[in-house]
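As recorded in TrEMBL:
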| type | residues | note |
| --- | --- | --- |
| TRANSMEM | 7-31 | transmembrane segment |
| TRANSMEM | 43-64 | transmembrane segment |
| TRANSMEM | 76-94 | transmembrane segment |
| TRANSMEM | 100-121 | transmembrane segment |
| TRANSMEM | 142-164 | transmembrane segment |
| TRANSMEM | 176-197 | transmembrane segment |
| TRANSMEM | 323-345 | transmembrane segment |
| TRANSMEM | 351-371 | transmembrane segment |
Amino acid sequence: MRKLFQIIFYIQLILISILVIVLTIRGFVYAARSTNHFRPEKWYPPLLGSVASAGIVSYLWEWISFHDPSKAIKTAFWVGPFLTCAVGILHILIGCPISLAISTIAIISSVIQSLYTCWVNPRFDYATKILTVYTSFPPDKTATFVILSIITCLVYSSFLVTGIGGATATGTGLDILFIIVILLTYTWTMQVIKNMLYVTISRVRYMNFACGADMNTWIAFRDTVQHLVGRVCIGSAVVPVIGTIRGSARVMKSVVGGTDEFLFSCADCYSRVASTLITYGNRWGFVQVGVYNKGFMQASADTWGAFKTAELIPLIDSDLTGAFCFFSGVAVGSICTLVGGTWALAIHKSYATEVSIYAFFIGYFICRVALASQQACVSAYYVAYAENPQSFQFDATIPVRIQELLQRYNV
């Protein structure tokens, strides 16, 4: 499976590159010969500007979250909903039917984000402590890897944008299909880039947490590229899907509660399915992929089993690191949407909707790549602790938090 996914990943990179080049050339030729509505000089600058904004804001956000986690967490959770709401207002100003639908989704999402922030507000102190303690001494050359990853994402995003513009120039039904395919492959590729960095940093940090040993980050990255690409590709395809299923199951179970027996039984069944799936596909499995060179599903199952043995599942479920990265991605995506969408609205209104959609995707994924190293450090600590809770390498942060959760549940 790992070899199959690795081959598929490289083949899709080659095919998408060829497709983008063809679409770009065809688009410019068509725009030069035709008098249709497509004008490259007004379509590309807003979107490429939002790509540049994504790189700059993502790096600044990673720097802030590294040096001041408390401020970063509070900003992501409290300011993020306002940025999402601002995106909704922007789409109201655009005014077309698709934009009005997007504005409705954005405003509802901002309300949900605000309610979630109020709900998890008591966990901010622990989330801040986790990020402060376990990312205060990052592996050597971490900043270099983050910068190189962001630059790679910027170049790749800009390249795909040219192809999307070429498909937009002609705008046939087949071109719409091409754009969808480009966005899907972009999503998978960005996940792979993020998780390559995740596996590398988590392996180095795990060795430090578990053994007190310092491992060369370049060596870890070389091993990841040479031996683990297939496993990372599998995890990058599986984890987002399973994570979405489990998240929706937890929300459904919380909303339904015990008010209706039929709905409760359906939610409980869905939750059990999600709990089974998460055992064989979770982001913490990437740690053991890097450390032990395991297959992704086996690493996920072993990691989840270690969490159960150490009774860490409630702590893992209440951890805000993943939510912080998600909210940060949404916030940066919203900023990019406001940059590209406002620019397009000012110079060519008909382009504003599609430009803002593409800008959001690009900003979200580049931010997630930028924050992968911090999430990897926290995951490495949880996995190392689960495997040997009695080690003298660990402080009392996790045991104290577990006791707090037990007391809260008992009450």
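Each Cβ is built from the backbone N, Cα and C atoms, and glycine gets one as well.
For the transmembrane segment (43-64), same-chain residues at least 6 beyond its ends with a Cβ under 8 Å from one of its own Cβ atoms are 71-72, 75, 146-147, 150-151, 153-154, 157-158, 161-162, 165, 168, 328, 331-332, 335-337, 339-341, 343-344, 347-348, 351, 355, 358-359, 362-363, 366-367, 369-371, 373-374. Of the ranges 100-121, 176-197, 351-371, the one with the most Cβ pairs under 8 Å to the transmembrane segment (7-31) is 176-197.
The stretches the transmembrane segment (76-94) and the transmembrane segment (323-345) are in mutual contact, each linked to the other by at least three Cβ pairs under 8 Å (pairs 6 or more apart in sequence). Per-stretch counts of Cβ pairs under 8 Å to the transmembrane segment (351-371) identify 323-345 as the leading one among 100-121, 176-197, 323-345. If you look at the transmembrane segment (176-197), the same-chain residues 6 or more away from its ends with a CB under 8 A from one of its CBs are 9, 12-13, 16, 19-20, 23, 145-146, 149, 152-153, 156-157, 160, 163-164, 167-168, 221, 224-225, 229, 232-233, 235-237, 239-240, 286, 361, 365-366, 368-369, 372-373, 376.
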